[in-house]
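Colleague: Please see the structure below; I have some questions.
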Amino acid sequence: MAPSEAYQPNWHVRAISAPGPDTDLSLHVSFDNARFLFGCGEGTQRAFTQKRMSMRGLAGIFIGSGEARSRAGLAGVLMTAADGGISKVDIVGPPDMSHYLSTLRSSVIRDSLTVNMHSYPRSSSSGEAVELFKSANITVHGIALIPESTNEAGPSTRSYQDYDPHSVSFRPSRLSPLDAQKWCDQIVADIFHNGPKARASRRAPPPPPSTQSQGEGSKSPSRRRSSPPSTLANPYVNPDDTICSSIPDTRYPLPLPSKEDVQTQMVYICQAPDVRGKFNVEKANKLGVPKGPARGKLTKGEQIEVDDPSVEGGKRIVKPEDCLVGGGPGSVLVVVNCTEQTKSSLMENTYFHKYQPARSTEIGAESMHVHLIVHRVPESVWDSEDYREWMKAFGDSTQHLIADPVECPDRTVFNSAAWNTLQLSIANSDVFTPPFVTSPHPTSRVDLPPNTSFLLEGSYCRMHPPAPVTVVDNHNKDTPFLISHSEAESARDTIRQDMPEYSHACDEAHTAILADPRSTNSTPSSIGDDITVTTLGTGSAIPSKHRNVSSTLLSIPDVGGILLDAGEGTLGQTKRRFGKEGTTKLFEDLQMIFISHMHADHHLGLNSVLEERFKLGITAPLFLIGPTNIALTLQESASWQHAAPSQQALQNVVFINIQRLGFKIDNRNQPRSRSPSPASDAGKEMDQWEKEGVEDRQSGVRGWPYTNIYGFSPAATHDHWRELRRLMSTLSLKSIWAPVVPHRGRAYGLAIEHTSGWKIVYSGDTKPSEELVTAGQDATLLIHEATLEDDKPEVAAIKGHSTFSQAIEVGKKMKAKHILLNHFSQRYPKLPKLPSAKPKPVTIEESGMNDSAIPSVDQQTEPIISISFDFMSIKIGEMWKMSYYMEPLSLLFVETEEEGEGEDTVLGAVKHDINPTVENVNGGGSEGKSGKDKAKAKNKNSNINNNGKQKKQDNPSDKVSQIKRPASPSNIDDQPQLKRRSTDSSSGIVDEKMDVEI
């Protein structure tokens, strides 16, 4: 667009989500030709899907603070935007914004996306207004509200390293804050510009192997290296002498941002271009403006000269405003993020005086009108007298929306999942617990400033042409879920009346369960039957309206809790499922977190979980098992570390390197010969990088971890075995094994066996794995991914996943007593099509057995199989009941199945179910299907439907889908271009990665 062509803005602001238990403020600012996002907390991409809003045209994302809560959804939004065809996004945020994205370099890769960083400059002072972004649509000035340092030691006297990425001695952790910001900007550029395959090929050569103790922590001696010499080549320097900064190298961590960085709040002042008025011909004629090009210049905002003999020189200037009517300054939007720590900095800032009529007069400036101010501030700020006066100073015509991040209304954004679970609770309210709300309505206040209201999801304000704040209606499949726990039975009664066939099927299932001998037998329960499994997230790749991404909680009596993976939104799902008090109790009992691999849908929620524990005052020991790049990400992340109430609390977060658990480790026969004696001085010997880590901690640029966790040095070996023994003792484990499983990138399963006899196996993401079968022999419970239907085995193999039948077959091979299937492709929005029929109950009379002769679970030859749903909690000993619920569920979800037919939905989703890694980001096997294959797949689907799931026109449950009910099934078309995403830059180069970590 040429500079002389003024853009005529028609734009509005809409709240996609508001602060709540599982979301944060996210404003969608929409122009005719561009979209902008202010705030990007966890769940933002899922909210887009829930609200049927597209990311098409997304041009910029503005992050409101240094808090993880305000930006923890950024990675997911960026990857989804890239998969949707967006080629460029600008990101604006506080000073540590590029650092935050840099910490995700192990798992966030999108070569097709260009990301332009606009972090608030470190060279600017707190409160200074800086132009951070400008486009034809909008100009944005940012003000960073940085709290005063609380460092009791006084100003830092540490010296910094010169910025020279080519130097052999280059260490990112020893750069000045200004140079570190520059380095992180480069990392972000590399993450989104360079292919991972190219980065891997340009890595520095690994150090040569040397002699060390045999059998240490791995089956492969080739993965064990000695400490690299100080003369090792800089890994960031490519053979062509260019710099590749985005390698996640555990030897070269980024410095830890300060507590002030985390507490920094941003204020954005958004100015649209001036509105061009309408050309007034009558005025132009009176001023003597000739017809033709001269009038065109005026309409473009240029002044002209006209002949006028009555003035000196014979020429008179005509300005655009002389002939244009109805124009004026563009609308102004202000987004304020502020806390008690930063309020004084905001109140004292004189930049806002020009927007406040009385104060603009005092300084002799022309007052500029602000149409809308959105305040993301707690009640302790917005309800204070000085802040209220500051709001009023903008004038009575300025509109205000308050989004309180602390005392916020408890309203659900993900209404589809909430209604879905409420409907499921008709089948069993103990297994399916809806995410009931507690206080869905904002506080009623009569003393708010003029034109002030509380922000809700759906709050809407047209900026030009200007209009008052309103609330947009939800679409017909997004009915607000405002049901509290006390209203549950009444809501269920309404559903029973509206859905009689489904309710009748549930009643029949209850009767059948009561008739099953397992409901009445008096035989002792089997070991492990009392373990409760809660599936917090059961979808794959990206969150959908009905299924969040991976996370499963095991609640084990006399042991505590174990969390298996923590995808984005895990904390929000936990709060919704258990409530405030239940979440606190859960975290108090939590003993271990297991992260299976580096794909983002399995770990992006981990930081929030750790931070929340500390905010709740929980400092008990917590064991964390995962890949070393998980540890690197946590080491470089500030928000969860600065939330810790003490150093001891941080020390109690104990990391165990999953790469050293690749064989069965028995507590009675741990390989002590593999590690030096704890009392041995040699066992505490540190390598160069570990010594540098100690120095960095002393200088304040490193906090956690407090043990040596990377590589295979004597010190790391000593610490590993000490903490592993501590884990097994604390959880009373008989054995632990994390076998490598076949997936796109290095991934791990888990098999843990308790001294009491139960054994639980978790597959993570994997194709059928013989090593997992070996590790999981005689499992009490196998939790296995079942991403795709049985008619997609080739696709599953390409994607590194399992079909339903493949997952079940793995369980049968390992002689698992129970199999719980999860990680379903998002193309099955609600109910996957399982290849099993409803069981026929066998009564005592029919079996010819007395009560004591009923076979126990231990005597069964066939495993008990169940599928999983979000918010589902079930004891292992009651999993057999799930098979009886399949018939009612097929009625409940019949409409969804039919909406999933067709190439644009089922096959289209499969085609986009990709997982870019080093091996496949630049191409790979064929992912499409021929016409024959498509027809074959369709026929196969029809055969499955005939097993109690007829096509819609033949199914007597048509009546169910016609009933107006609180929750309607989703349409896959609402979720365009779903892609398997989340990547691992270490994939395919794991051996080299091991070399780096030594």
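A Cβ is built for glycine as well, from the same backbone N, Cα and C atoms used for every other residue.
Automatic prediction, not curation, is the source of TrEMBL annotations.
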Colleague: Which stretch, out of 149-168, 569-588, is listed as region 'Disordered' by TrEMBL?
Modeller: 149-168
Colleague: Provide the three-state DSSP residue tally for the compositional bias 'Basic and acidic residues' (682-697): helix first, then strand, then coil.
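Modeller: Secondary-structure breakdown of the compositional bias 'Basic and acidic residues' (682-697): 13 helix, 0 strand, 3 coil.
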Colleague: So what's the average pLDDT for the domain 'tRNase Z endonuclease' (16-63)?
Modeller: 96
Colleague: Give me the DSSP three-state residue breakdown of the domain 'tRNase Z endonuclease' (16-63), ordered helix, strand, coil.
Modeller: 7 helix, 16 strand, 25 coil
